[in-house]
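Student: Here's a structure for you.
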Amino acid sequence: MSDRYEAQEIEARWQKQWEVAAIDAASDDPADSRETYYCLVMFPYPSGNLHMGHVRNYCLGDAVARYKRMRGFNVLHPIGWDAFGLPAENAAIKHHRPPAEWTYGNIDQMRAQLKRLGLSYDWSREIATCRPEYYRWEQWLFTRLMEKGLAYQQNAEVNWCDPCHTVLANEQVVDGVCWRCDTPVVRKNLKQWFIRITAYAEELLSDLDKLTGWPEKVVGMQRNWIGRSTGAEVSFGLENSDATLDIFTTRPDTLMGVTYMAVAAGHPLAQQAATSNPALAAFLDECSRISTKEADVETMEKKGMALGVNAIHPITGALVPVWVANFVLMGYGTGAVMSVPAHDERDHAFAKKYGLPIRQVIAPHAGDWDIDAAAFTEVGKLIDSGAFDGLPSDEAKVAITNWLAENEKGAERVQYRLRDWLVSRQRYWGAPIPVIHCHDCGAVAVPDEQLPVVLPTDLQPTGGASPLTECDAFRHTSCPRCGKPAERELDTFDTFMESSWYMNRYTSPRNGEAMVDADAMKRWAPVDQYIGGVEHAVLHLLYARFYHKLMRDAGLFDGEVVGSEPFRNLLTQGMVLKDGTKMSKSKGNTVDPKAIIEEFGADTARLFTLFAAPPEKELEWNDAGVEGASRFLKRVWRLLEKLDAASDTADGDVKALRFSIHATIRKVTHAFEQGFAFNVAIAALMELTNSLHSFNPACEAGKAAYREGVEALATMLAPFVPHFACELGERLGMAKMAVVTDWPAVDESALEQNEIMLVVQIQGKKRGEITVPKDAGQDVAMAAARADAAIARWLDGMQVVKVILVPGRLLNIVVKPA
RNA sequence: GCCGGGAUGGUGGAAUUGGUAGACACAAGGGACUUAAAAUCCCUCGGUAGCAAUACUGUACGGGUUCGAGUCCCGUUCCCGGUACCA
């Protein structure tokens with residue numbers, strides 16, 4: 001056994017031992033009485049190479065999982081592969097290898113990299129979403145949703161990404177460009193599959209209140225995304241027509257102030273008017289072009305044009321002109337709005353620009369308002385509103401909405417920003433949508449006994465249309481209902497479908513009977529701690545919450561027991577930066593985890609990523625910092641030298657050392673229980689190391705305390721640097737491997753002090769320190785303060801006005817000249 | 001625009017939630033050991049004044065509350081995320 005710290009050798013040895021001892025497996029044994037804990041990290045896309053963001057994510061998760069095991073929990077800590085997706089197809093085109101081969105090869109590589117890091121996963125539960133045993137259940141659920149009308153096919157204007165050759169969900173369009181390839185999306189009208197997430201909008205919104213273990217920021221982002229607003233739907237008549245112009249407003253109290261209407265360029269009314277008006281047609285064309293150019297939106301001027309059509313006010317019967325305006329969006333509400341320039345800033349600006357009338361119908365509760373200068377957008381009191389005059393806004397909203405309802409010209413209405421989830425993709429490397437199109441029966445769900453619809457894995461993508469479109473063996477089938485020749489659906493699922501339920505599948509990953517096992521769900525779900533990047537705050541986390549509810553409603557588990565939310569606590573980790581910016585290949589500022597592990601070992605890499613920043617903040621990569629982490633481990637290692645060394649010098653302060661040991665245990669434990677401030681926990685362990693280094697064990701009590709300290713240190717290091725901790729523990733002669741040793745308990749008696757230090761302040765300024773008996777009262781403390789020369793001089797010639805004693809902390813003396 | 005979150009030494013970051021500001025580390029400087037280097041160990045390290053003990057000052061800026069404010073309140077500036085021209 002070498003006396004030097006040889007990371008590579010040590011890490012290989014302990015990884016083998018852990019595997020043999022099977023310490024990372026989650027137990028499904030009903031006789032296991034341990035409390036369960038489910039710690040989950042976001043599974044990776046198998047790109048082939050682990051990057052620092054993964055390393056950070058998985059080191060955080062591993063620290064939590066290992067700590068919980070040491071605390072006696074039966075821990076589920078699984079990993080797998082989000083294995084469908086576009087990069088596999090692109091690689092296939094480039095290297096002329098089938099996507100499956102590329103994907104499975106990458107998985108093997110990345111699995112080896114994860115294992116090299118010493119992460120404590122239950123590898124027996126590993127899943128890959130591209131395997132039919134996995135995606136068949138997603139297909140199964142989809143057919144259930146079709147039965148319930150929650151999955152449907154519809155022609156819709158959708159976001160199309162040319163390079164990706166597919167449609168995108170609204171959530172996948174970020175700032176007008178594709179979330180994956182950054183190219184602007186185009187609007188296209190296509191027949192697509194949707195899942196009715198809007199049917200769950202209310203529950204998705206209200207359940208956000210249950211997520212007390214989530215960062216408020218993420219909850220807020222989801223709340224905004226769902227975008228609930230309450231108001232009224234109002235039906236305006238149209239002059240010389242039986243048709244109506246329906247709008248949604250959150251301010252029905254301002255209805256009497258409507259002076260014109262505005263519709264989106266895509267609104268049927270505008271389209272129709274344009275057929276006989278070339279200038280208008282040109283304007284609509286301009287609007288449709290602008291809307292695709294996202295960069296222009298910010299600077300976009302508010303423009304409009306009259307349609308030459310009049311709407312009829314539902315209450316007054318007055319005629320108001322209908323305009324088309326470039327700021328009205330076809331995709332929200334009804335694509336038309338009522339315009340009240342007096343009480344809406346945008347309408348005000350528009351009215352000023354085009355000389356439209358401004359009619360004030362709300363007055364401030366107090367004071368005057370120059371309605372010509374600016375819109376009054378607050379609530380107030382109704383004026384010039386006929387029967388509604390004098391009502392305050394909130395009452396007027398109800399009164400006007402009721403009037404509309406009674407006269408069948410409107411109703412109260414709740415509007416969401418959330419749109420249904422577009423789940424079909426015109427891609428090859430994805431889960432086939434389990435539908436057969438029959439000439440006579442239409443779109444028919446594939447029956448359970450024919451599931452899974454297996455994706456042929458031997459096709460070669462070319463970059464154009466999906467190769468499935470040319471695969472006759474896949475394409476041609478018979479209708480499950482009438483038996484006549486029929487065609488399979490050739491689109492595949494959005495890959496967010498797979499990642500939306502994997503957390504539940506891990507509870508029974510090999511289950512061939514059902515999507516999940518209800519008992520396993522009861523045992524493990526929901527996830528106690530989920531850890532991953534904040535970039536998934538809306539996309540993945542919203543879909544996963546939705547899916548969990550769908551699974552509950554499909555009767556797959558008991559919602560009363562498991563709950564309606566999949567993740568109890570969420571930790572969103574910050575990005576890993578280099579030179580102040582995100583690491584990326586194109587910037588050439590990446591740091592390869594492999595290189596760090598080869599040079600310093602996995603433990604150093606783990607330690608640095610946990611120590612350099614608090615988990616939720618960005619982590620600036622710093623090579624010197626990595627060396628510092630490595631230096632710390634060597635410094636701990638050298639503590640072994642003093643273990644049995646005979647010393648002829650005097651013993652150190654045993655009591656002070658034991659105080660330091662147990663204060664550290666308390667601090668580190670607290671870090672694990674409260675918010676995972678591992679950077680602070682590790683700093684505390686460094687302090688303990690410094691204390692141990694400056695301690696000189698001579699007598700029996702001193703040696704015992706020293707050993708106690710080093711053992712506690714080895715134990716507490718185990719969640720962070722498990723190989724190192726095990727090796728250290730073994731050399732200390734500890735009974736069990738450090739990673740399975742019980743977490744150390746605080747010895748309260750070691751923290752008791754007979755004498756304590758008090759900071760003494762005069763007028764709130766620190767002037768000295770005194771040592772007093774631990775339960776010293778104000779009089780004793782004052783006497784000690786007066787006895788201290790440095791403090792006494794501040795009291796000289798002064799009259800004590802007030803004394804504040806904070807027990808165990810400080811003594812503040814307020815004085816004034818005598 | 002709106003909604004979040006921030007601003008603490010040369011740097012990353014601490015501060016038991018109102019009680020010693022700068023823990024721990026990185027960088028820098030000085031010293032010891034060494035033929036030399038590496039490694040290791042010791043010291044200094046917010047600013048100003050001083051040989052020093054020490055004093056004053058200091059947590060983006062301006063006010064306030066309090067015996068006491070990095071922490072609470074009001075206002076301002078800047079930075080970072082998110083987003084919806086959302087009717």
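One-based numbering along the chain as shown.
Every residue gets a Cβ built from N, Cα and C, even glycine.
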Student: For which of the residue intervals A:562-566, A:582-586, A:687-691, A:707-711 does TrEMBL record motif ''KMSKS' region'?
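Tutor: My reading of TrEMBL: the motif ''KMSKS' region' range is A:582-586.
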Student: If you count every Cβ pair below 8 Å, which range out of A:42-183, A:223-404, A:660-779 shares the most with the domain 'Aminoacyl-tRNA synthetase class Ia' (A:414-621)?
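Tutor: Of the candidates A:42-183, A:223-404, A:660-779, A:42-183 scores highest.
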Student: Among all the protein chains here, how many other CB atoms are within 10 A of the CB of A:K585 (ATP binding site)?
Tutor: 8
Student: Sequence-remote contacts (6 or more beyond its ends) of the motif ''HIGH' region' (A:44-54), Cβ cut-off under 8 Å?
Tutor: 81-83, 85, 87, 103, 105-107, 109-110, 113-114, 128, 533, 575-576, 583, 590-594, 609, 621
Student: Which three-state DSSP class does A:K585 (ATP binding site) fall into?
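Tutor: Once the DSSP labels are grouped into three classes, A:K585 (ATP binding site) ends up as coil.
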